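Colleague: Pasting a structure here, questions to come.
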Amino acid sequence: MSSFNLWWTLGGTFVLVITLLVKAPVKNSAAFVFTDYENFTGWSNRGFVVLLGFLQAVYTLEGCETAAQVAEEAKRAEVLAPLAVVGSIIGSWFIGLAYMLALLFSVQSIASVQGTAFAIPIAQLYYDAVGKRLTLMCLTVVALAQFMAAVTAFTASSRLFYALARDNAFPFKSKYMALNRYQAPYFGVWTSVLVGCIISCAYIGSAVAFNAILSSAAIAVMLSYLQPIVIRVFWPTTSLPQRGPFSLGRWSWSVNFASFLFTVFICVLFILPTAHPTDALNMNYAIVAIGAVMLIVAACWVLWGRVHFVGPVKTA
């Protein structure tokens, strides 16, 4: 499945890029692609508007750490897992850049995309650029790539359920540690699928709710990255007594400190309103979602974790 996902994403991106660049009736100039500025937020500060665009950029990198989450099932994980994480980020950058440039060179009308009647604005861009039939092909490529990404996310989250259950971090340990004949923690898989489907349905009911989920998901992932970074910044000598095959050497603290500042900045940025003037309909409710999750986590710790949680067992 992972191999199919990789080749489908690479091949699909290549097909999308070529289709858009060949079939688009009008190609935009390089000046438009690299210098045009469009602001539909209502905010007048250009710098702040540009920063608001970080949400989509950061969201596309979510899941790059999946290799670490399934490292226990891999051979030579201490070498291959870090390579997979770094490789996924570099690969995503190149693939995303090629796709984004193709979209910008082939978009026929910003106003048409902005005012589309389609539920997915990108469908309007495809429709204007390549016509109805090829739009269906493009959407099929994207939909299957998204499905594969969801499968990867469910795989990683099910392993997190298994690890937390193994360490008595939450109830129903026997269910979340149970494996099927394929040695997969099926209860965690189906829990992830159920939660994912519920969250996806939010887009049907309210774009505001879905955007809040998008922002809160990015914040939640960044906060999870922040925890080991904080440890490395404030306890650099005691947090990692034995180094692995990869080391930044004397640059380690500086890189971690820069990561700490950037992550805190991004988390604050993503809870700010994305539209002006702000009202109940366009408010950024990410802070509400993140606050609710933190309350649930705190309640689980007080009612269960502090009594039953024993921490990972050192095996080597």
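Placed from the backbone N, Cα and C atoms, the Cβ positions cover glycine too.
Taken from TrEMBL, the feature transmembrane segment covers 6-22, 79-101, 107-127, 134-164, 184-205, 212-231, 251-272, 284-304.
Any idea what these are sitting next to in the structure?
Modeller: Long-range Cβ contacts of the transmembrane segment (6-22) within its own chain (Cβ-Cβ under 8 Å, at least 6 residues beyond either end) map to 95, 98-99, 102-103, 105-106, 126, 129-130, 134, 137-138, 141-142, 144-145, 148.
Taking Cβ pairs closer than 8 Å, the transmembrane segment (79-101) reaches residues 9-10, 13, 16-17, 33, 60-61, 64-68, 71, 244-246 in its own chain, all 6 or more past its ends.
Long-range Cβ contacts of the transmembrane segment (107-127) within its own chain (Cβ-Cβ under 8 Å, at least 6 residues beyond either end) map to 20, 24-26, 28, 38, 40, 134-135, 138-139, 142, 203.
Tertiary neighbourhood of the transmembrane segment (134-164): same-chain residues 1-2, 4-5, 8-9, 12, 15-16, 19-20, 23, 63, 66, 69-70, 72-73, 120, 122-123, 126-127, 170, 176-177, 184-189, 191-193, 196, 312, selected by CB-CB distance under 8 Å and a gap of 6+ residues from either end.
If one looks beyond the transmembrane segment (212-231) by at least 6 residues along the same chain, the residues whose Cβ comes under 8 Å of a Cβ in the stretch are 55, 58-59, 62, 65, 199, 202, 239, 256, 259-260, 263-264, 266-267, 270-271, 284-286, 288-290, 293.
Nonlocal intrachain contacts for the transmembrane segment (251-272), taken as residues 6+ away from its ends with a CB within less than 8 angstroms of a stretch CB, comprise 51-52, 54-55, 58, 215, 218-219, 222-223, 225-226, 229-230, 232-233, 236, 284, 286-287, 290.
Long-range contacts of the transmembrane segment (284-304) within its own chain (CB-CB distance under 8 A, at least 6 residues past either end) are made by residues 170-171, 208-209, 211-213, 215-216, 219-220, 270-274.
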